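Undergrad: Encoded as structure tokens, here's the structure I'll be asking about.
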Amino acid sequence: MKVIVLLLVLAVMQPVIQSQPFPGTEELPMTRRPPKKELEYWCTYAKSCDFCWNCRHGVCKNKVFEKHPLIKKNDYIQICRVSRYNDRCSYFTDSRIRRFHIMSCTNPTYYDWFDELMQVKEDRVIDVENIKHTCLCMIATIALIGYIRKQYSRMQLQAATRLLIFLGLYVLLGILMTNIIMNLPLSTDNPMQMRRPPERDLKFWCTYAKHCDFCWTCKDGMCKNKVFSDHPIITQNDYIVNCTVSRWHDRCMYEAHFRIHYQHNMNCSQPKDLEWFIELKRHLINQDDL
């Protein structure tokens, strides 16, 4: 009986408890200037926002992190708006291409939205061949619909025959529309499998897939790292392996095409460094022992 009464009291009090603002998580309407006490939080995860910087005579100093070097006032600093509702924090940029990010306030995820913003600006390249193919498919679809409609009105057909014509028409239109969709330019934010990642992504991939061949420039048996200039020159050997990388939403994967197939999946925004080459060697040693 006491348990039932306690549950009833909790059920009645739950709305009251939930309505009480928790320290640091009370509602924050959309604003360009978050409270001063929250600057450290926002400037950690939205470090390029203008409210994190004091600019004077073209030179900007970080308001929160004193050890941060001075920077010149340029497009690195963006106008931002932030908001918080319950445990969801969000911020977005008022730039030519708006970038919006939502995260948990208590367990936030670091997101370098400025780099992502710059990538979107750079990726706006029109694929002429895909556009031509798409336009031809659309013209063919419209012409086919017009022709069938004109011929259909002249024919005296039974209901079953008409149904078959309609079904065939829908199947054909479905195939054409699928072809159109599949040939639209794909967003490079989520590229599928590729042998060579974009130049701008090399630093990411070569940090976590450091043995992949696309990270190295080899000449006369000597290889130099493309990304990290302080990396020593190495001899071209089986340390460098052929790799394929892919990304789908926030899942990044790379696989080594060696004597055995080896792949590693990770979260793109919070990647985990894995010495997959050592693991690969371990697999090879175990196989040789058998």
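Backbone N, Cα and C define each Cβ position, glycine as well.
What you are looking at is a predicted structure, and each value in this text was computed from that prediction instead of being measured.
Dumping what Swiss-Prot says about this protein:
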{"type": "CARBOHYD", "residues": "N242", "note": "N-linked glycosylation site"}
{"type": "CARBOHYD", "residues": "N267", "note": "N-linked glycosylation site"}
{"type": "TRANSMEM", "residues": "1-19", "note": "transmembrane segment"}
{"type": "TRANSMEM", "residues": "128-148", "note": "transmembrane segment"}
{"type": "TRANSMEM", "residues": "163-183", "note": "transmembrane segment"}
Undergrad: I want to check the contact list for N267 (N-linked glycosylation site): same chain, sequence separation of six or more, C-beta distance under 8 angstroms. What comes out?
TA: D250, R251, C252
Undergrad: Taking the Cβ of N242 (N-linked glycosylation site) as centre, how many other Cβ atoms lie within 10 Å?
TA: 12
